[in-house]
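A.B. asks: There's a structure below that I have some questions on.
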Amino acid sequence: MNETNVNNNNQSNEEVEEINDEFKLYYDGLQESKHMKYYTNSFKSYENKQHKRVSSTLVPLKSEDLQSIRINTIHILAWKLNLMAVSYNSKFIFTAESDVINVRNIDNPNIIIKTFAMDTMEMTINQIRLGILDGEEVLVSVDEGGFVRIIFVNDFEREVIRLYNHGVSTWGIAICPSKPLIAVSSNSHKITIWNLDDENPQETKFLLPKHKHNIPSIDFSPCGNYLVSVSIDKNIRIWDVNKRQLLRIQTLAQWCWACRWIDLTTKEDQLYQYYNNSSNSRDNNNNNSNSNNNGGGGIIIDKSWRGLTQHEEQQLVENNQEVEPMPEEEEEEEEEEVNQVDNDDEIFQENDDNEENEENTEFLNEANDGVDDDDDLIIQNGVFTNEDDIIFDGGLPPINQHQQQQQQNQEIEEEGQEGQEEQEDGTENENNQGTIATTTTTTTTIINSIKKLEDAINQQRIENNRINSKVPLDKNKLPSNVVFSTYQNLYLSDVEMDLLLTMNNAIPTSFPIIQTQIDRIAFLEVVPELSLVIAASQGPARLISLYRIVKQIPLNNNINNNENNNNENNDNNLNEPETNMFLESVLSPPSGGPGLIVGLSVVKNYVKNNPLAFSINLYVMYINGIFINFHIKRSTIRNKPIHQNSTFFDPINKCNIFGLDITSFGV
């Protein structure tokens, strides 16, 4: 018995040394997947009938750390969402610190240029987001009290626009690039949309009230006609903003945290126009960079947008405090009738036993964020586990298979030890029999819980399919794809939400950690020009992964043609490009070990008449004040697999100009 314990201790020490070695390799900046103990794996939850095989044709990216500095004057709160943004001309850093927003010089971030006092009754800011609002660069903030603020980046002296979300803790922000629309999502389980072109946008706002839990992230499509939202209720929804109608819904097995549209268009004229518009806009911004000392130096657009006055906002706050809230069900029915939102989703009505969870509590309370209130949490190896793996037709993900095998091996070993103890001590034998009985009961409970959860999810999917089938979609009018995340996984989906590409354990790590609800992928950005998806974890992993999207004709496109000649649908499917996503690299953390990520911002760099030279600056801020600037670009433009049918094919360098869905061009 003692010898066995010694062997086990030696084995444990060896494992610790191995982990430490990998930990050292990791922090030495060796970010290749071979150094990762837990690495990302992709799963498809749909059946690929043609067994298509694809390969990457994208130029690898090159990442360089241009700047790494510690900001000593910063005071950012933990467990919020994104609290940092960088202006598009890379001149200013915006940091949300408690209830104020500080503007810092990017060359010396310790210098505060201006402070915006939000005048929000000291309500702490939950998130800020920078974007283009109907052609103008703005910064939007939301906070615990439902106060919404819009700052004009190109004119700091311009009056800040005030909007009010009725005292509800607000988290998600969506900025429409092509229309004057601002949307926010909150702990009221509703999405609020304002049209700033209206004379009184606060009165004409409308709601999308279908979610049944807090909504951390929303995003407008580039055209502004559609919106995607994700929620702690484990649902991702796609909305028609103009009709105020739910178009699609998909239910997952984990809390959802972030979402973005990514339009992998196959229309080259649209791509060319998009590039030219972006390039011209950047040129104009640069030409005006020295003309305005009070802001970001871009184009100042004179729009008659208005929000609330301070007096009007104060009156709304007082009225909101005086009026007793109506019951949740009556409130939703009234809002749905006023807003003419499609009410064909009775399966999402609130349950009485969930009423206690409808208070305006924070998303990100570290103390209560690790345990879900639903029945999908079971105990496995003494750890609460969310059984996400049942959504995959291919069985358990590898990590869960490994855990399951470890549990089985442990049970076998325990049974062998119990048999030995049986021969040595009769009293211990009785105890061991009790342990075996308890283990058997626990195993049965786990199996029953899994079956119960699987039945519930299957029933949910049936209802989702029923709802989805009632609203036909015109794919030509919709962006092609959405990217979204849960606390552990990353997803790429078509707009119909029936083809999910899942990256399990999407943030690799070189040291073993039990990934919990706290390890959430809360930061998500997309760069279509590089076919790039940037995902960052706010939890224990605290790392940033770079994913690439490729869409191309299968290599074995002609296989099984004879078998499918009598099936027109199969013939058509054989000619369709297939979309895939893969992990390309993981960015090195700052020296001294990573801290909690509190902000992530992307700035695009266009080069006139040379789209191959397109690059981005990825800015990352940690709670310990470390601020990093990564420069990411194509590693080379030569020796690249080519697709000569594309009008963007460059015969000199023998490569395609864009990484955006390049291999589907000309098909």
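The backbone N, Cα and C atoms fix where each Cβ goes, and this holds for glycine too.
Annotation source Swiss-Prot lists repeat 'WD 1' at 165-204. Summarising the annotation, Swiss-Prot assigns repeat 'WD 2' to 210-249. The annotation region 'Disordered' is assigned in Swiss-Prot to 278-301, 316-345, 389-440. The annotation compositional bias 'Low complexity' is assigned in Swiss-Prot to 278-293, 400-410, 429-440. Annotation source Swiss-Prot lists compositional bias 'Acidic residues' at 325-345, 411-428.
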A.B. asks: Averaged over the repeat 'WD 2' (210-249), what pLDDT does the prediction give?
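C.D. replies: 93, rounded to a whole number.
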A.B. asks: Give the residue counts of the repeat 'WD 1' (165-204) per reduced DSSP state, in the order helix, strand, coil.
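C.D. replies: Summed over the repeat 'WD 1' (165-204), the classes give 4 helix, 17 strand, 19 coil.
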A.B. asks: With DSSP as the reference, give the number of residues of the repeat 'WD 2' (210-249) in helix, strand and coil.
C.D. replies: 0 helix, 20 strand, 20 coil
